[in-house]
Amino acid sequence: MGTLRDLQYALQEKIEELRQRDALIDELELELDQKDELIQRLQNELDKYRSVIRPATAQQVQAQQQSLVLQPDQHRSKRQAISAEPTACDISALSHVTLPFYPKSPESKELIKEAILDNDFMKNLELSQIQEIVDCMYPVDYGKDSCIIKEGDVGSLVFVMEEGKVEVTKEGMKLCTMGPGKVFGELAILYNCTRTATVRTLTHVKLWAIDRQCFQTIMMRTGLIKHAEYMDFLKSVPTFQGLPEETLSKLADVMEETHYEDGEYIIRQGARGDTFFIISKGKVNVTQEDSANQEPVHLRELTRGDWFGERALQGWTLTASEYVNILH
Ligand code: CMP
């Protein structure tokens with residue numbers, strides 16, 4: 001009897017063990033599915049980047065090396081493309097353009113905003129620009145099996161999906177499906193290229209759309225206003241006052257605002273530098289580690305109009321052992 005009970009007990013234990021293993025397998029399968037989904041999403045993003053970023057030619061690389069580019073990344077070259085030297089006239093003309101306004105529910109506004117913030121190519125827009133895009137978007141509907149975007153066409157609209165499902169294909173191969181809360185059709189407008197893929201509806205879809213002209217007005221207006229602000233700032237800094245207007249304009253083209261919190265490090269001692277900084281607001285503390293006790297020793301304080309990191313522009317490493325932090 002004792003043996004039978006022991007066997008029953010052992011059987012129960014094995015069943016429990018099997019149940020736990022099944023649960024673990026389910027959990028791991030779920031994790032695997034999530035990782036597959038992530039890989040697919042990253043693969044899509046990579047494909048999108050590949051579609052719009054052509055490899056630089058040797059001439060372009062040389063030109064870039066010879067020009068005064070503070071941080072030659074994708075973001076900056078985009079800003080350079082806005083305008084070489086915008087005039088007060090350009091700014092005034094653009095600020096007088098009245099953009100269309102289409103009322104929408106708070107839920108739709110939120111959906112469009114979140115879709116933009118979720119899109120790698122648009123999430124770095126300023127909040128004021130996103131707000132303007134939200135206001136300008138108008139509703140469009142497509143029935144099942146419609147072609148919204150055809151690969152190779154000239155594009156004129158950017159869409160945000162509110163309801164339904166679409167399929168994205170390239171050269172006949174399926175890239176992905178997209179549901180509500182996704183932006184599409186942004187690449188042709190942002191990079192001034194033809195449509196990089198075909199987008200077809202799988203169900204009836206409800207979309208929000210914005211046309212190229214509205215989109216570019218929003219982009220340029222902010223770009224030009226910023227450019228004018230940077231020019232005013234550079235002209236107010238005694239060190240830059242002697243520079244020709246054209247040079248200041250080139251500087252303003254590639255400048256970008258960055259904010260640091262009180263006490264945050266901007267450059268660490270010994271780190272390789274690639275950025276030239278001009279202080280527009282606040283104070284920066286320059287310190288150097290004392291080699292004897294490794295304590296930071298205060299060297300000087302920099303304020304508005306002061307600059308640092310200039311050695312990075314000449315391609316040097318910051319070996320002078322300085323690090324700075326903002327006081328205000
Ligand atoms: P655009 O090139 O204007 O038109 C086709 C759109 O399909 C494109 O913008 C993107 O929004 C989208 N798209 C292109 N390639 C991919 C991809 N690999 N994954 C997801 N969406 C893509």
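Note that Cβ sites are derived from N, Cα and C of the backbone, with glycine treated the same way.
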11-59, 60-108, 256-304 - the range that TrEMBL marks as coiled coil: 11-59
DSSP residue counts for the domain 'Cyclic nucleotide-binding' (239-313), split into helix, strand and coil: 16 helix, 20 strand, 39 coil
Mean predicted confidence [pLDDT] for the domain 'Cyclic nucleotide-binding' (239-313): 85
Residue distribution over DSSP helix, strand and coil in the domain 'Cyclic nucleotide-binding' (121-236): 40 helix, 41 strand, 35 coil
